[in-house]
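**Student:** According to TrEMBL, the feature transmembrane segment maps to B:12-33, B:73-98, B:110-130, B:142-163, B:184-209, B:243-264. Look at TrEMBL and you will find B:74-264 tagged as domain 'ABC transmembrane type-1'.
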Ligand SMILES: Nc1ncnc2c1ncn2[C@@H]1O[C@H](COP(=O)(O)OP(=O)(O)OP(=O)(O)O)[C@@H](O)[C@H]1O
Ligand SMILES: [Mg+2]
């Protein structure tokens, strides 16, 4: 339905830069999640796309048309707010009808008493009613159409807000943390519903969240924002496996990726916790940081040793917190088999495969690594 | 001791205090009803009694209605107070919306001026306003009674405080839905602010229904008189003040307010406490 092109968007509030030059292309029909810690400017960026907030510089194009200075409603986007923002004095039906009435009825037809008498209004109202009933059917809110927002539960309000967005068939949907006011169980349920809605409508979704689980499970691409900059965008797997920046690596993934201090030698080898890894890099000698995901840590064998300081058994999986011997470092390992948990305070050897290592320079940028051939499990076929 | 009956003792004390206060507040009111029910001879008798020996309310009322065109004055009161209130709302709501929800240069300064405006008593500006009305030839008309009060700084302040509690998201949602800024004021903010508008309406109507000062200054013609002026008229009779009919007329003119208050009591209290929307 629509592609959205952001170029060099900058925004400052009272002299502080909130967005520092965002360039981003959102393709037609994509489900983009904007994630990042609180205060990084996600909502501001969404509001700039919506037209609710003017940017200081930069351009927004929707379907190739520059929309800067165009009223929010004329951009033909729909937005679902964190607080749902339903009109408290209107019934569910009237709430969903507002965008349709504003578009389809003339100013005279909208007049409170006089308008209702016009025959043209009655014909249009019939269409509006039909449209709303269709939407209500899809969202399963038909029994709620006569209720006021105050009489709805959080999940129901959320659905009504989505209905109000859907009914006008916008070019794109903008969501600002729509699930964060729901309890955990309902959140998981609504996650599936929204993903399903996206595949049904095939519309462009821009979805702001600071919940990385939502971003990972629903989106076709994730854009990670930090401190007013968009630092990486890619599919959930790319963002998870190939983070370009240590902040991305740390933000995505739960529990957090393990970061260990390392050192790059002059010959390109890498030392971590007194052990030399079987990999090399081209970076200059000096300090670096090594990232290994908890599920990549193998317990029981390996060159490192630590002590179990804490155990978290979640039933299906367990997390083992280790204090690494001889250093202050702590790390977390995921254990898929909860039947064989190590004892508390017991010493434990551990290791990880070289190709699971992600390395970052002191500024946090990713450093490319070459895994030494000997480590490769499968040789590339030359024959 | 106080441990044994802490609640009853305190409750009794509280009620005694409250009842005393209420009695003090109500005393003139009750005296008015009492006087309105007495014949002229009893009013001027030297002994004080609350219950009249001969019940003369009907006579006094009849005389009040005969002496002055009370219905006309009541109608004047309605026309003036309703016009003032409607115009005040039409001015105060957009202004309050701008002060509460729009970002523009000088907003805080303007709001400070509004607060400053609350401090100025109407008597201070009475003479300039009087001269202005004289210059444009509006003295002695409904316009003279209504126009000076159309901009209520108190109303702007009250509504602005209330609008502050309306979530910004609601305003943004309305903008996304295509409602214009004025549309937002009337279709989104006004329905959300009904309790505050009601409270303001009660303040405004009571103040202008009972206003004696301003109508006295700008009016000459008898047919434009508002209720308080009409009552005062009984006092100035050459034939001497007839207190019975005077009090009966006073009862008549405050009756609409009392009845309105009884009906809107819940709303009134809601509005005063400004519970707002969730
Ligand atoms: N209207 C405003 N006036 C001044 N500063 C603002 C305004 N709106 C946002 N900011 C500031 O801009 C920064 C980014 O805000 P934004 O709401 O975009 O963050 P966010 O990423 O959505 O955070 P969250 O996850 O908490 O919603 C914050 O530091 C915030 O204080
Ligand atoms: Mg936000």
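Positions of Cβ are set from backbone N, Cα and C atoms, glycine also.
Please go over these features one by one and say how buried each is and what sits next to it.
**Tutor:** Residues 50, 247, 250-251 of the same chain lie 6 or more positions beyond the ends of the transmembrane segment (B:12-33) yet place their CB under 8 Å from a CB of it.
Note on the transmembrane segment (B:73-98): residues 104, 107, 142, 145-146, 149-152, 155-160, 162-163, 181-182, 184-186, 189-190, 193, 197, 200-201, 204-205, 208-209, 223-227, 229-230, 252-253, 256 of its chain, located 6 or more positions outside it, place their CB under 8 angstroms from a CB of the stretch.
Tertiary proximity for the transmembrane segment (B:110-130) is limited to same-chain residues at least six positions away from its ends with a CB under 8 Å from its CB atoms, namely 99, 139, 148, 153-154, 156-157, 160, 213-214, 217-218.
Counting only same-chain residues 6+ beyond the ends of the transmembrane segment (B:142-163), those with a CB under 8 A from a CB of the stretch are 76, 79-80, 83-84, 87-89, 91-93, 95-97, 99-101, 111, 114-115, 117-118, 122, 129, 133, 189, 193, 196-197, 199-200, 203-204, 208, 214-215, 218-219, 224, 226, 274, 276.
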